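Read through the structure below, which is laid out as structure tokens, and then see the notes.
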Amino acid sequence: MRPPLTGSGGGFSGGRGRGGYSGGRGDGGFSGGRGGGGRGGGRGFSDRGGRGRGRGPPRGGARGGRGPAGRGGMKGGSKVIVEPHRHAGVFIAKGKEDALVTKNLVPGEAVYNEKRISVQNEDGTKTEYRVWNPFRSKLAAAILGGVDNIWIKPGAKVLYLGAASGTTVSHVSDLVGPEGCVYAVEFSHRSGRDLVNMAKKRTNVIPIIEDARHPAKYRMLVGMVDVIFSDVAQPDQARILALNASYFLKSGGHFVISIKANCIDSTVPAEAVFQTEVKKLQQEQFKPAEQVTLEPFERDHACVVGGYRMPKKPKAATAA
């Protein structure tokens, strides 16, 4: 067990041990668990090394407010107000700190140890929300970056390429709700295990452990979808998206792609890479509509959103 951090300047507070270490010269020292713990050494985390606190931090974890033990809730306790975001299915929890949240499809269950917030409704029932961390999810970073439309909304059918262990997929599953469906494709078996375990509890997630470069291999599992979200971080990711779109994305559907400049070409500036990728997408019947940077959450990443095989707009008759 990793010793929890104390907030008072010097070192770590130990677990439940007897004495712990008192710091040497450079280490702000560990302060002991239930008893001892000397003073932290000279140049630790704070200038003076600080004094080790006897008993470790309060039970609610290092920072959590008044939430359940171990994983504190939002700061501000019962004063959290949840408001709908302009993207349907996304909410903002306003407490001491504002956070992006989604309504938990499986109340009582966390997927990746994220914070959960329970809000009392007027009729006495409770609704549980899960905090959506933009540092762990490109889609949340794009929403906070001000993307105009993510096209993923309640009832939508989504094909998610590069699902990893299902962190973002779980929030997309919350977003589309019981009427929607998320086909989550992931090639790595290790991440796939977590993905499959998450999907056991979320009936609207269909995990597919397969290479997104070969959509023909899973064509029997996936129906036509409204949106493809792609986060594959491969040099040929535009091609991977186009292949999957040709099989599964309906005409007039939409795509959201997260582009990591470094994994395409690390020798040129990120902006140039994004420009080239957008051109590639345009050649494949995609119509990119907007691009947002994922700074400060991800470095040299951009998110591009647009339509696929969009119907031609009828030309308005010119007035004589």
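The backbone N, Cα and C atoms fix where each Cβ goes, glycine too.
As given in Swiss-Prot:
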- 1-79: region 'Disordered' (REGION)
- 7-44: compositional bias 'Gly residues' (COMPBIAS)
- 57-76: compositional bias 'Gly residues' (COMPBIAS)
- Thr167, Thr168, Glu186, Phe187, Asp211, Ala212, Asp231, Val232, Ala233, Gln234: S-adenosyl-L-methionine binding site (BINDING)
Binding-site residues (Glu186, Asp211, Asp231), the one with most neighbouring Cβ atoms at 10 Å: Glu186
Three-state secondary structure, Asp231 (S-adenosyl-L-methionine binding site) (per DSSP): coil
Secondary structure at Glu186 (S-adenosyl-L-methionine binding site), reduced by DSSP to three states: strand
Surrounding CB atoms that lie within 10 Å of the CB of Ala233 (S-adenosyl-L-methionine binding site), all protein chains: 16
Neighbourhood of Thr167 (S-adenosyl-L-methionine binding site), C-beta criterion under 8 angstroms, separation at least six: Val111, Tyr112, Arg136, Ser137
Span of the S-adenosyl-L-methionine site, taken as the largest CA to CA distance across Thr167, Thr168, Glu186, Phe187, Asp211, Ala212, Asp231, Val232, Ala233, Gln234 (Å, rounded to a whole number): 19
